[in-house]
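Colleague: Just passing along the structure, written as C-alpha cells.
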Amino acid sequence: MTSTSTSQNDITQLLDIAEYLFAYVGLTIFILGTIGNLINLLSFIRLESLKTLASSLFLLASFIGSQIVLITGLLTRVISGFSGIDPVNTSVVLCKIRWMIRTAGGAISLTCVCLAAIDRYLLSCQNVRRHRLITIKRARWAIFISCFFWLGVFSSYAVYYTAPKPLSCTIADPFFAYFASYFNLLHYSILPLSILSFFCTLTWRNLGQQPATYLRGGVRLYDQVTRMLIAQSLAILITSFPNMIWQIYTVSSNSIVKSALRNAQENLINTICVLIGFSTHAISFYIYLLASPTFRKNVKQMFLRFRQIAPLTNVDTGKITIIDGHQQTILPTS
C-alpha cells in the first residue's frame with residue numbers, strides 16, 4: 001500500500017513538473033521568440049540591401065512560419081501549464097486547426113531555411129551560372145509552392161485529429177497514428193537536418209576558397225547573410241537533435257507496454273525535448289546578433305530611427321499673407 005502511494009506521488013510530481021516547465025519555460029521561449037521574430041521581420045523588410053537577395057525572402061517566410069508555430073503550438077501549451085486546461089482540448093475545431101496549421105507552419109519554416117541554405121551555397125560557388133539559378137521571382141514561387149504543398153499534406157491532420165473522449169485531442173485511427181509518427185520524424189527531423197548539414201558543409205568549404213576577409217565577415221551585409229545562415233543552421237541542428245533522438249525512441253518503443261510511472265517519466269523527457277524543439281523557432285534573431293556585427297549595427301540604427309520619429313504636437317503655425325507684392329508673416333500670439 002505504501003509502495004503504491006509513493007509511486008502515485010512520484011507520478012503526480014513528474015506530471016506537475018512537466019506542466020510547470022511548459023508554463024514558465026514555455027512562456028519565456030514564447031516572449032523572446034515573438035520579440036525576435038518581429039524584429040527579424042522589420043529588419044529584413046526595411047533594409048534595402050536585403051530586398052535583392054532571394055535568401056532574404058526565404059528567411060522572411062521562415063520567420064512567419066516560426067511565429068505561427070509559437071502561437072498555435074507553444075502558446076496553447078503555456079496556457080495549459082498555467083490553467084491545467086489546454087484550449088485545444090475544449091474544441092474539436094481548434095484541435096484540427098492547431099495540428100494542421102502548427103505542423104504546416106513548422107514544415108514551411110524549415111523548408112524555407114533549407115532553401116536559403118541552398119541559395120547561399122549556390123552564391124558561394126565560383127561558377128557564376130549557379131549564382132543566377134535562384135532569382136527573386138523563383139524564390140517567390142518556391143515559397144508559394146512550399147506553402148501550398150505542406151498545407152495540402154497536413155490537411156490530413158485536420159481530418160484525423162479529433163476528440164474521441166472529452167477534453168482530448170488525438171489521432172483516433174491507429175494506422176494513421178502509426179504513419180504520422182514516422183512521417184513527423186522524417187519531415188521535421190531527418191530530412192531538414194540532413195539538407196542543412198549537407199549544404200552548410202559545402203558552403204563552408206567554398207568559403208574556405210574565398211579571400212580571408214569573406215570568412216571573417218567583411219563589411220557587406222550581403223556577405224554577412226551567409227555567416228548568419230550558417231550560424232542559424234548550426235543552432236537548428238543543436239536544438240532539433242534531442243527531439244529527433246526522442247522521436248526515434250518513441251517510434252521504436254510504441255509496441256512496448258509501459259507502466260504509469262514510466263509514462264510519466266517519458267512525458268517529462270518529452271516535455272523537455274519539445275521545449276528545446278520550440279526554441280528552434282525562437283532563437284534566430286539572437287543567433288544573428290551573435291554571428292553578425294553588421295546585423296547588430298543595422299538593428300541598432302533601425303531602433304535609433306524609430307526613436308527620432310516623434311509625432312508633431314502643440315506646434316504653432318504662422319499665417320502668411322501677401323500685401324502689395326510683399327510677403328508678410330503673422331506669428332501666433334500664443
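Cβ atoms here come from the backbone N, Cα and C positions, even for glycine.
Here TrEMBL flags 20-45, 57-79, 99-118, 139-163, 175-204, 225-249, 269-291 as transmembrane segment. Look at TrEMBL and you will find 36-288 tagged as domain 'G-protein coupled receptors family 1 profile'.
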Colleague: Are the transmembrane segment (269-291) and the transmembrane segment (57-79) close enough that 3 or more Cβ pairs fall under 8 Å, when only pairs 6 or more apart in sequence count?
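Modeller: Output yes: the transmembrane segment (57-79) sits against the transmembrane segment (269-291).
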Colleague: The domain 'G-protein coupled receptors family 1 profile' (36-288): mean pLDDT?
Modeller: 87
Colleague: Please report, as numbers and ranges, the same-chain residues at least 6 past the borders of the transmembrane segment (225-249) whose CB is under 8 Å from any CB of it.
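Modeller: Same-chain residues near the transmembrane segment (225-249) but 6 or more away: 50, 53, 55-56, 59, 110, 113, 116-117, 120, 123-124, 181, 184-185, 188-190, 192-193, 196-197, 200, 203-204, 207, 217, 269-270, 272-274, 276-277, 279-280, 283-284, 287-288, 290-292, 295.
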Colleague: Who are the chain neighbours of the transmembrane segment (269-291) in space, where the CB to CB distance is under 8 Å and they lie at least 6 residues beyond its ends?
Modeller: 18, 21-22, 25-26, 29-30, 32-37, 39-40, 59, 62-63, 65-67, 69-70, 73-74, 106, 109, 224, 227-228, 230-232, 235-236, 239-240, 242-243, 245-246, 250, 299
